[in-house]
Amino acid sequence: MEIVSPILTPFNSDGTINKEALKQHATNLLNKGVDLIFLNGTTGLGPALSKEEKKENLRVLSDLSNKIIFQVGDLNLNNVIELIKFASDYDLRAIASYSPYYFPRLPEKWLIKYFQIIASQSRHPVYLYNYPSATGYDISAKLLSKFGLELAGVKDTNQDLAHSMEFKTTFPKMKVYNGSDTLAFYSLLSLDGTVASMSNCLPTVFKEMKEAVARGDARKAMTFQKLITSLVEMARKYGQLGSLYVLTEITQGYKVGGPRPPIFPLDETESKDLRTEVENFLKGLGVST
Ligand code: FW2
């Protein structure tokens, strides 16, 4: 049972990556009980990073590389292959990729081919990042099975837990994580773990939820899930990706820079309102974050 943190990418105001903040944040998350870091994911603004920035993120976290799943997806397959080659010098847990996106009506065969090429190039285990509502394509267990493609793992960002569980029943050896914050408790209970963006700002809550699941205390674990879901609702009012930078600063006590347009930072009033709401909410609960 693992907590995987899709780490946010901290940007400076000039749009460059704040490397010190990235290192500090990753180290803090792992110290507080997060098991693995998902680098260049959605929360890390992966689709908006250049190939050089994706490499840079891994260089910055090279000391922690065996705790990293390195996301390499791109619409330019040459970039994907270059990133896989680059990654081969690092001792990674896995590489991962979302499917091709944007282009409509891609034949199933082409989607599968993309992952077959990745698998043929990588010396590391390959994890599928399936996010149908973002990419427009569902790389389901049925589809993998239809083409006989076995991958080492999957992060399924899906509100349908049965869809994630189908990977496990079809491929018992596959590592299966659900990527929805609102299903983190159920993912810890029934899958190999959760990949949850809220673990950026609530690492200790996630760790305690995992411990509660491990000792069979579902009621306690549910209280943590409710807290996580409440924070998601607060964050979504202002745009969840931008809000996460503010939430992380509030709960972890250090600056993690800001997002980069087209993911815009919260303005001063929004940040203040979010801070007030979150601090008031957490005050009564007596939980560590
Ligand atoms: C990532 C995640 C979590 C997301 C989820 C989507 O890479 O950021 O899939 O937060 O909104 O795994």
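In case you wondered, yes, glycine gets a Cβ from its N, Cα and C as well.
What TrEMBL records for this protein:
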type: ACT_SITE; residues: Tyr129; note: active site, proton donor/acceptor
type: ACT_SITE; residues: Lys155; note: active site, schiff-base intermediate with substrate
type: BINDING; residues: Thr43, Val195; note: pyruvate binding site
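Shown on the structure are the features that TrEMBL records.
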residue : record                             : Cβ contacts under 8 Å, 6 or more apart
Thr43   : pyruvate binding site              : Pro6, Ile7, Leu8, Ser197, Asn200, Leu241, Leu244
Tyr129  : active site, proton donor/acceptor : Gly41, Gln71, Gly73, Ala96, Ser97, Tyr98, Ser99, Val154, Lys155, Thr157, Gly179
Val195  : pyruvate binding site              : Val4, Ser5, Pro6, Phe38, Gly41, Lys155, Thr157, Tyr177, Asn178, Gly179
Three-state secondary structure, which DSSP defines for Tyr129 (active site, proton donor/acceptor): strand
DSSP-derived structure type at Thr43 (pyruvate binding site), helix or strand or else coil: coil
